[in-house]
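Colleague: Once you've had a glance at the structure underneath, I'll fire off some questions.
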Amino acid sequence: MGSRLSITLLALAAFTTAAQAQDKDKTGDIVARGEYLARAGDCTACHTAPEGRLFAGGRAMPTPFGTLYTSNITPDPETGIGKWSADDFYKTMHNGRFPDGGLIYPAMPFASYTKVTRADSDAIFAYLRSIPPVSQKNRPHELRFPYDNRQLILGWRTLFFSEGEFKPDPKKSAEWNRGAYLVEGLGHCGMCHSPINALGGTSQSDAFKGGLIPMQNWYAPSLTSNREAGLGDWSIKDITDLLQTGVSARGVVYGPMAEVVHNSLQYLDDADTKAMAVYLKGISEPSPPPPASSALPTTESSLLISLGKTVYDKNCASCHGTQGEGKPPHWPPLANNQSIEMQSAVNPIRMVLNGGYPPGTKGNPMPYGMPPFAGLLSDNEVAAVVSYIRTAWGNRGTPVSAREANELRSAPLN
Amino acid sequence: MLWSGINRPSLLEGDELFARTTALAIAILAAIDAAAAQTANQPPDTMAARVEACTPCHGNKGEGTSDVYFPRLAGKPAGYLYNQLLAFRSGRRKYPPMNYLLEFLPDPYLEAMAEYFASEHPPLPQPAPSEVSKDVLAQGEQLATSGDAGRNIPACVSCHGPGLTGMQPGIPGLLGLRAPYISAQLGAWRYGTRTARSPDCMQLVAGHLTEADVTAVAAWLATRPAPANPAPVPKGTYALPFGCGSQPN
């Protein structure tokens, strides 16, 4: 009898241990999945300050309305989200409200995160519960009147926020839908790649149509127009290369997009990256090229372009090639490069002035960099060389003026 | 005709020599071609090509440029350069063009950049004639070589070395820099806009300096000629007079 009982107990003990181990695996799985999804959402870009602890917040976010400070999302019970439930977290992601119902400023991309599924929200929450808690009080925002009144957010929400999880399009493939889910949801690509109006909002019909990023003075090109960053005539491999490594045969990422690849996209697996590529390629709308028009008088343009060729041959051709062919992927081609040709000349001017490195990624750990020419070229020379690369080798951009070049000398660098 | 009477036997005669030379030349050309075919469409796989973004301000080999505010990098200890790259990347050391360039580069790459410039040894420049008076230079020399114990100012040489060439791995040499750069950096330490890991020894030192001290020290340091051996001395060659976060003991 006694021995039977012990056998039973032993068996029970063994069963319990196995069950616990299984639970632990499950927890491990969900935490790992949450970490992956937190990467896809690029939470760290805002919620980790430079030299700060992971997800302890405190990063300053300059906006046209004042400076916001990001919040501590570590599991510290007093200063972080340690007392939150998974429901609270989902409500924040899905509806842009704190657990007590308070309104969140839309710098937090809840207009995109609302598309995230409950299961994915729970996984991210499980991951955030697993990281070391950091006791660090949130710094109050410094917004100008009247923007310091959170009730104004209600108006913003009425205009620009529509709540709702992602609904797959049954007419499209599972891959396309996965890409759409990532791009429109966690990826919150529309936050930069859609035009932002004076109210800091963007309308659904303008999604992914491109726009100047407020405060940063970089132009986030349209993802739908092939005259900008539309990827309609890119191969899937070139798109996935760009997203995963930061460099591709067609061009490299720079400016704010370097941050996105560095902190987020390089960590996505091959299947998700390809899904995003398929979706992004799919949303491009080939548009007939508008007739080239320039604000500059023809004589001034031709003078600029002829000076531009001299500047180019002396300073640029050794890497980018005499015909703008480059040595891709590391030295990007400038001929047939949408980033050079597009309507806004902000980015090519800034690249000439500031230079830049693509991000160091797993796939490209030691990127080649472009030297800054702000100290070497005059406004006129910058305008000339940018006018030249925008119009040479069949490129269909327009010339730019020395004034435009001069204005961007004071653009913020970080 | 000194050589005419000497019979120099040729190893290979006429046609054969030509044929063999041609064959060799073709083989070499083919080898070069094959190597070129692999790399013709790619930038050189070198650090020199990767740090071209640094060269407009710091010179091709980190020797500096005509702009007196951009420092020489060549030959400084790799540990020091790496610390600066990390500080610029995180924004602790503020200079927007540098902060921007480094923002998304990983540690091992910054380390490789530091190693690259540390291993370059272009000659030090001729010191430019100083624009300050002899008295000011003498004051600078006094502070740099002996310090001022009464005001708690250690001599520059007590940390940066008797030859001012720095010490591995974290203490930079002070040679080959122009007075405006040194003065700007000392000013930044004094005002707390340039900081380093605690204990922040340079901030403590610079905090005791007056503006006149800064001018004098910067001017004197910029007049120093290149020593026979400009390399930083090995780690532990001498003991530092006080703790320094950048050079843990």
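The chain as shown is numbered from 1 upward.
Placed from the backbone N, Cα and C atoms, the Cβ positions cover glycine too.
Pulled these features from TrEMBL for this protein:
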- B:9-121: domain 'Cytochrome c' (DOMAIN)
- B:Cys54, B:Cys57, B:His58, B:Met98: heme c 1 binding site (BINDING)
- B:135-225: domain 'Cytochrome c' (DOMAIN)
- B:Cys156, B:Cys159, B:His160, B:Met202: heme c 2 binding site (BINDING)
Colleague: Provide the number of Cβ atoms within 10 Å of the Cβ of B:Cys57 (heme c 1 binding site), excluding the reference atom itself.
Modeller: 20
Colleague: Are any of the binding-site residues B:Cys57, B:Met98, B:Cys159, B:His160 near chain A, where near means a Cβ under 8 Å from a Cβ there, and if so which?
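Modeller: Listed in sequence order, the binding-site residues near chain A are B:Cys57.
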Colleague: Near B:Met202 (heme c 2 binding site), which residues of its own chain have a C-beta under 8 A away, given they sit six or more steps off in sequence?
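Modeller: When sequence neighbours closer than 6 are ignored, B:Met202 (heme c 2 binding site) has B:Trp189, B:Arg194, B:Ala196 within Cβ distance under 8 Å.
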Colleague: Cα of B:Cys159 (heme c 2 binding site) to Cα of B:Cys54 (heme c 1 binding site): how many Å, rounded?
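Modeller: Cα of B:Cys159 (heme c 2 binding site) to Cα of B:Cys54 (heme c 1 binding site) measures 28 Å after rounding.
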Colleague: Rounded to the nearest angstrom, how far is the Cα of B:Cys156 (heme c 2 binding site) from the Cα of B:Cys57 (heme c 1 binding site)?
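Modeller: Rounded to a whole number, the Cα-Cα distance is 26 Å.
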Colleague: Fill in the CA-CA distance, B:Cys156 (heme c 2 binding site) to B:Met98 (heme c 1 binding site), as an integer in Å.
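Modeller: On Cα coordinates alone, these residues lie 27 Å apart.
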Colleague: I want the residues beyond B:Cys156, B:Cys159, B:His160, B:Met202 whose C-beta is within 8 angstroms of the mean position of the heme c 2 site's C-beta atoms, in chain order.
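Modeller: Not counting the recorded site residues, we get B:Pro154, B:Val157, B:Ser158, B:Ile171, B:Leu174, B:Cys201, B:Val205.
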Colleague: Over the span of the domain 'Cytochrome c' (B:135-225), count residues by DSSP class, listing helix, strand and coil in order.
Modeller: 51 helix, 4 strand, 36 coil
Colleague: Where does B:Cys54 (heme c 1 binding site) sit in DSSP terms: helix, strand, or coil?
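Modeller: In the DSSP reduction, B:Cys54 (heme c 1 binding site) maps to helix.
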Colleague: Find the longest CA to CA distance in the recorded heme c 2-binding set B:Cys156, B:Cys159, B:His160, B:Met202; express it in Å as a whole number.
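Modeller: Largest Cα to Cα distance for the heme c 2-binding set is 11 Å.
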Colleague: Show which residues of the chain containing B:His160 (heme c 2 binding site), separated from it by at least 6 in sequence, have their CB under 8 Å from its CB.
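Modeller: Counting only residues 6 or more apart in sequence, the Cβ neighbours of B:His160 (heme c 2 binding site) under 8 Å are B:Gly166, B:Met167, B:Ile171, B:Pro172, B:Gly173, B:Leu174.
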Colleague: Quick one: mean pLDDT on the domain 'Cytochrome c' (B:135-225)?
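Modeller: A mean pLDDT of 95 is what the model gives the domain 'Cytochrome c' (B:135-225).
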Colleague: Among all the protein chains here, how many other CB atoms are within 10 A of the CB of B:Cys156 (heme c 2 binding site)?
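Modeller: Total other Cβ atoms inside 10 Å, all chains included: 20.
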Colleague: Find the longest CA to CA distance in the recorded heme c 1-binding set B:Cys54, B:Cys57, B:His58, B:Met98; express it in Å as a whole number.
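Modeller: Looking at B:Cys54, B:Cys57, B:His58, B:Met98 as a set, their Cα atoms extend up to 12 Å apart.
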Colleague: Provide the number of Cβ atoms within 10 Å of the Cβ of B:His58 (heme c 1 binding site), excluding the reference atom itself.
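Modeller: B:His58 (heme c 1 binding site): 20 neighbouring Cβ atoms within 10 Å.
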Colleague: Taking the recorded heme c 1 site as B:Cys54, B:Cys57, B:His58, B:Met98, identify the other residues of that chain whose CB atom sits within 8 Å of the mean position of the site's CB atoms, giving them in sequence order.
Modeller: B:Ala53, B:Thr55, B:Pro56, B:Phe70, B:Leu73, B:Pro97, B:Leu101
